[in-house]
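Visitor: Feature list, courtesy of Swiss-Prot:
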| type | residues | note |
| --- | --- | --- |
| DOMAIN | 1-90 | domain 'HPr' |
| MOD_RES | H15 | phosphohistidine |
| ACT_SITE | H15 | active site, pros-phosphohistidine intermediate |
| REGION | 119-650 | region 'PTS EI' |
| ACT_SITE | H298 | active site, tele-phosphohistidine intermediate |
| MOD_RES | H298 | phosphohistidine |
| BINDING | R405, R441, N563, D564, R574 | phosphoenolpyruvate binding site |
| BINDING | E540, D564 | Mg(2+) binding site |
| ACT_SITE | C611 | active site, proton donor |
| DOMAIN | 685-828 | domain 'PTS EIIA type-2' |
| ACT_SITE | H747 | active site, tele-phosphohistidine intermediate |
| MOD_RES | H747 | phosphohistidine |
Amino acid sequence: MLTIQFLCPLPNGLHARPAWELKEQCSQWQSEITFINHRQNAKADAKSSLALIGTGTLFNDSCSLNISGSDEEQARRVLEEYIQVRFIDSDSVQPTQAELTAHPLPRSLSRLNPDLLYGNVLASGVGVGTLTLLQSDSLDSYRAIPASAQDSTRLEHSLATLAEQLNQQLRERDGESKTILSAHLSLIQDDEFAGNIRRLMTEQHQGLGAAIIRNMEQVCAKLSASASDYLRERVSDIRDISEQLLHITWPELKPRNNLVLEKPTILVAEDLTPSQFLSLDLKNLAGMILEKTGRTSHTLILARASAIPVLSGLPLDAIARYAGQPAVLDAQCGVLAINPNDAVSGYYQVAQTLADKRQKQQAQAAAQLAYSRDNKRIDIAANIGTALEAPGAFANGAEGVGLFRTEMLYMDRDSEPDEQEQFEAYQQVLLAAGDKPIIFRTMDIGGDKSIPYLNIPQEENPFLGYRAVRIYPEFAGLFRTQLRAILRAASFGNAQLMIPMVHGLDQILWVKGEIQKAIVELKRDGLRHAETITLGIMVEVPSVCYIIDHFCDEVDFFSIGSNDMTQYLYAVDRNNPRVSPLYNPITPSFLRMLQQIVTTAHQRGKWVGICGELGGESRYLPLLLGLGLDELSMSSPRIPAVKSQLRQLDSEACRELARQACECRSAQEIEALLTAFTPEEDVRPLLALENIFVDQAFSNKEQAIQFLCGNLGVNGRTEHPFELEEDVWQREEIVTTGVGFGVAIPHTKSQWIRHSSISIARLAKPVDWQSEMGEVELVIMLTLGANEGMNHVKVFSQLARKLVNKNFRQSLFAAQDAQSILTLLETELTF
């Protein structure tokens with residue numbers, strides 16, 4: 001027997017999706033494989049998803065896999081690589097508490113006296129629709145069905161039918177939906193799930209309906225006892241597949257409570273299963289109120305992926321009497337507004353306008369090329385493993401793919417992918433990219449990424465073993481097939497080739513020879529292909545660092561694989577808990593190595609990127625910019641934040657930071673240096689076109705202040721528009737800011753404003769400012785930083801003096817557009 005010991009790396013514990021993936025990995029072997037959770041002293045058949053879930057395994061639990069059988073050595077090698085490298089990817093990223101914390105109710109809403117019910121935010125957003133109550137199904141009628149001689153046959157038929165339905169949905173879905181449906185399919189195909197139902201029928205003589213329900217109750221009770229919220233919330237998945245089985249078995253008894261949404265609807269239910277959610281017309285699903293759903297349920301994951309706002313914590317009996325009435329579900333402030341009046345509806349129309357502006361601006365920002373504050377260009381690219389990930393990466397602002405892990409095509413299968421399959425996969429991502437560069441890393445297999453059909457013998461130290469470019473000569477046919485596929489696809493886009501695990505010049509010379517042979521073959525075969533291709537290497541073996549100058553004669557670029565390079569440089573296994581604290585790329589030795597690579601490559605006109613985890617770490621971005629890297633490639637969700645941060649950094653200041661870091665004596669000194677590093681704040685003018693509006697159709701004072709504060713949030717002048725608005729209202733309550741002549745000047749000095757601003761809205765028609773000075777049709781809002789030297793009283797006074805001048809006022813009211821107002825104010829005012 002062989003054993004793999006590890007700490008559970010899953011933040012949410014061993015729930016349905018990772019259990020399904022682990023079961024799939026284990027099921028391909030003849031050996032018996034037992035999963036053990038040592039904290040719980042729980043054992044499970046690793047080829048059963050349900051048994052794995054039942055171990056109650058949480059993050060960082062001490063676990064092991066015991067493997068015993070004829071193929072135990074090969075199984076251990078492959079499963080160890082899976083546990084160490086890919087197991088964590090089967091978990092899902094959950095929203096932070098900050099993302100699920102409701103904003104305090106803004107004054108611009110509370111002053112309108114809305115009829116509100118308060119709940120808890122589960123998925124952020126705002127939805128407007130009709131409240132519709134969905135009653136829960138009762139299972140009592142199924143439990144009462146007597147046992148029948150046909151029950152066993154019925155069970156097998158229902159399981160097969162449900163599996164067929166799920167497989168059909170899998171063919172039609174992608175993303176989170178596909179992942180969750182796969183987990184459900186795994187559960188119904190699980191021997192333990194169906195076996196328990198059969199035992200209840202044979203040993204306890206229960207009818208099929210009662211056996212399905214009793215099995216559901218037993219499994220749910222075990223999950224409900226878990227210490228993990230995430231595992232407790234898998235109860236919904238067990239209930240979902242069990243109820244589907246019941247409805248398939250007796251469709252005539254009672255149709256499932258499916259709802260047809262014919263107009264925008266806010267759905268109110270005790271709970272909603274994933275399959276019920278997927279059956280809804282999402283175009284008309286404005287939001288959901290779910291009484292008992294937790295923040296990590298699969299239904300919530302689907303809702304967030306579909307941008308459906310969700311609240312909980314509202315008792316159904318408190319909402320039932322409002323069924324059929326219009327409402328606004330505000331999952332930003334955590335409220336449900338019942339029967340909103342015109343003023344409340346107007347508030348949410350303004351909120352939607354701001355949300356649309358924000359979404360448009362984010363899309364524009366993502367599409368912009370990445371520059372530092374002083375216009376130093378740096379490419380921001382994505383790391384992906386399949387062509388399906390490419391559109392999402394580009395939507396996040398990826399300017400290309402810095403690492404396409406082609407080995408994913410070779411893994412988890414019985415035979416190698418042929419040339420046509422590879423060509424189609426590579427062509428798909430190139431077509432999605434347009435003219436964006438795609439760097440294909442040739443197959444990094446062998447060693448820690450064992451491929452059974454290659455029959456590479458087991459190694460004592462696979463991370464330092466027979467892998468990547470080292471295996472290519474033995475498997476030259478396999479490598480040539482990949483080269484042919486990439487060269488064919490390269491004729492459809494900007495393809496580049498990167499070779500992993502290179503340690504010497506002879507390897508790259510051999511590869512270049514193979515590329516030329518592949519080109520000759522493709523010409524001979526009359527297949528469309530690229531005549532040349534940009535070639536680079538992964539810099540992950542320390543020996544390469546000392547001969548970068550020689551490699552510059554043979555390749556076009558370098559990409560530093562910081563994960564493996566860190567391990568090899570320090571001789572540290574990052575998966576070994578006894579030495580993993582030593583795994584830290586931010587040390588003087590590592591930074592000096594990066595500096596040497598970049599300097600040598602740049603001297604010879606070659607570019608250098610980084611494609612390990614380090615590339616997406618925002619804390620270390622100033623160092624990477626300062627070291628002169630030309631490209632950062634990272635997980636695509638990190639791209640928007642990295643681009644935004646980069647725009648705030650001055651490359652010269654970062655270069656000095658990197659120089660100082662390389663002179664430090666320890667990692668602790670570098671961390672202290674980073675903590676003390678404060679990027680110079682970009683300076684924005686007090687007056688700017690982005691904050692000036694004409695002919696705004698506001699119906700009240702509240703909408704004007706709401707819009708102007710919210711717009712400052714959209715434009716990045718504040719990260720806290722709700723808090724800034726509160727400061728404006730507090731000043732407004734001391735004395736109204738109407739100054740006469742149809743003008744109001746709301747103002748505040750606030751800690752929540754990042755860039756002091758003057759915002760202007762000239763209204764389409766006057767509004768009541770609740771002031772003795774009469775109605776207002778021009779709003780000039782001053783928001784100055786609390787710690788800035790600018791005196792808001794002086795600014796206010798200068799504006800007031802100008803407004804006394806009739807000609808100045810008339811010019812403001814007569815201005816044709818926002819630019820005319822800006823030009824007038826810049827001419828007349830001095831701050």
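For all residues, glycine too, the Cβ spot is worked out from N, Cα and C.
The structure displayed is predicted, hence computed values, not measured ones.
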Visitor: Minimum Cβ neighbour count within 10 Å among the recorded positions R441, H747: which residue?
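Guide: Selected from the recorded positions R441, H747 on minimum Cβ neighbours within 10 Å: H747.
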Visitor: Of all the recorded positions given, H298, E540, N563, which residue's CB has the most CB neighbours within 10 A?
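Guide: That would be H298, with the most Cβ atoms nearby.
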Visitor: Looking at the recorded positions R405, N563, D564, C611, whose Cα is closest in space to that of H298 (active site, tele-phosphohistidine intermediate)?
Guide: R405
Visitor: By DSSP assignment, list the helix, strand and coil residue numbers for the domain 'PTS EIIA type-2' (685-828), in that order.
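Guide: When I sort the residues of the domain 'PTS EIIA type-2' (685-828) into the three classes, I find 64 helix, 35 strand, 45 coil.
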Visitor: Can you work out the mean pLDDT of the predicted model over the domain 'HPr' (1-90)?
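Guide: Value for the domain 'HPr' (1-90), mean pLDDT as a whole number: 88.
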Visitor: Of these recorded positions, H15, R405, which scores lowest on Cβ atoms within 10 Å?
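Guide: Comparing Cβ neighbours within 10 Å for the recorded positions H15, R405, R405 has the fewest.
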Visitor: Would you mind sorting out which of H15, E540, C611, H747 (the recorded positions) have a C-alpha within 10 A of the one on D564 (phosphoenolpyruvate binding site)?
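Guide: Matched recorded positions: E540, sequence order.
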Visitor: Which residue counts does DSSP yield for the domain 'HPr' (1-90) in the helix, strand and coil classes, in that order?
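Guide: So the counts come to 36 helix, 23 strand, 31 coil.
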Visitor: Rounded to an integer, what is the Cα-Cα distance in Å between R405 (phosphoenolpyruvate binding site) and the residue listed as 'active site, proton donor'?
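Guide: Taking the Cα atoms only, R405 (phosphoenolpyruvate binding site) lies 11 Å from the residue listed as 'active site, proton donor'.
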Visitor: Pop the Cα-Cα gap between the residue listed as 'active site, proton donor' and H747 (active site, tele-phosphohistidine intermediate) into the table, whole Å please.
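Guide: Given the Cα positions, H747 (active site, tele-phosphohistidine intermediate) is 47 Å from the residue listed as 'active site, proton donor'.
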Visitor: Check each residue in the chain of the residue listed as 'active site, proton donor' that is at least six apart in sequence and keep those whose C-beta is under 8 Å from its C-beta; list them in sequence order.
Guide: A381, N383, G402, L403, M538, S559, I560, G561, S562, S633, M634
Visitor: Using C-alpha atoms, which one of the binding-site residues R441, E540, N563 comes nearest to H15 (phosphohistidine)?
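Guide: Nearest in space to H15 (phosphohistidine), counting only the binding-site residues, is N563.
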Visitor: Give me the CA-CA distance between E540 (Mg(2+) binding site) and R441 (phosphoenolpyruvate binding site), in Å, as a whole number.
Guide: 13
Visitor: Can you count the other CB atoms that lie within 10 A of the CB of D564 (phosphoenolpyruvate binding site)?
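Guide: Cβ-Cβ neighbours of D564 (phosphoenolpyruvate binding site) within 10 Å number 21.
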